[in-house]
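Worksheet: the structure to be examined is printed underneath.
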Amino acid sequence: MSRFSVLSFLILAIFLGGSIVKGDVSFRLSGADPRSYGMFIKDLRNALPFREKVYNIPLLLPSVSGAGRYLLMHLFNYDGKTITVAVDVTNVYIMGYLADTTSYFFNEPAAELASQYVFRDARRKITLPYSGNYERLQIAAGKPREKIPIGLPALDSAISTLLHYDSTAAAGALLVLIQTTAEAARFKYIEQQIQERAYRDEVPSLATISLENSWSGLSKQIQLAQGNNGIFRTPIVLVDNKGNRVQITNVTSKVVTSNIQLLLNTRNIAEGDNGDVSTTHGFSSY
């Protein structure tokens with residue numbers, strides 16, 4: 001590596017506060033199987049910068065400045081047609097996407113900020129008539145995500161839908177996209193659920209929805225447990241596949257030791273948010 005390249009990496013590291021964004025990630029559905037999907041999710045997790053781990057779980061950065069805040073995912077459908085998705089590396093939130101020469105962004109301040117750094121060469125920019133909030137997306141789609149099948153075939157359909165603008169259809173497609181990428185990166189269980197749906201679609205399990213609604217709460221309690229002998233200050237109630245409520249009270253739970261893969265930094269969690277937030281993707285602002 002040349003001294004110029006080394007210097008460039010050092011400058012980037014300083015700019016990002018000591019952490020380097022590792023680059024874009026890609027996933028092709030043509031020929032995809034559970035293994036290749038698992039590698040994609042692993043690549044997505046590895047591309048998210050962090051400085052420390054809490055109970056061996058990567059803690060996402062509280063903030064990143066400029067273009068380094070955004071990771072690009074290149075997703076190809078079965079026909080090889082592609083969209084590029086912009087992801088905020090501090091929370092794994094999807095900000096918008098590029099289809100052909102048109103960029104699309106959620107109608108919210110965070111996405112508007114992202115539009116200043118990604119897809120700048122797009123010939124046309126469209127602001128979607130909704131935010132990335134789960135509740136808003138479900139209203140726009142006309143159905144809750146509990147009734148929208150997910151799987152790799154559904155991801156193919158979502159990509160194909162997003163290639164052409166239809167705000168109602170796009171809302172449902174984005175619900176599929178969020179769960180098969182961002183949520184799968186956050187939780188090993190959700191990744192495995194999608195792997196089981198590599199060749200067929202099925203609605204999300206009750207446990208999947210419960211985990212999606214509880215990521216911020218779990219993240220918060222796991223971080224607080226560091227100063228409380230591993231005990232959660234506020235228990236998190238999850239729902240299993242059979243609809244049974246399960247109380248998580250400490251870091252020895254399997255949800256902590258082998259399921260959750262990324263932690264949202266407490267500096268990005270709304271005060272009073274202890275989980276069970278059914279209307280959001282992660283927490284209250286998305």
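Even glycines carry a Cβ here, placed using N, Cα and C.
Pulled from Swiss-Prot, these are the features on record:
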| type | residues | note |
| --- | --- | --- |
| ACT_SITE | Glu183 | active site |
| CARBOHYD | Asn250 | N-linked glycosylation site |
| SIGNAL | 1-23 | signal peptide |
Close in space, distant in sequence - the residue listed as 'N-linked glycosylation site', Cβ under 8 Å, 6 or more apart: Ala225, Gly230, Ile231, Phe232, Val256
Surrounding CB atoms that lie within 10 Å of the CB of Glu183 (active site), all protein chains: 25
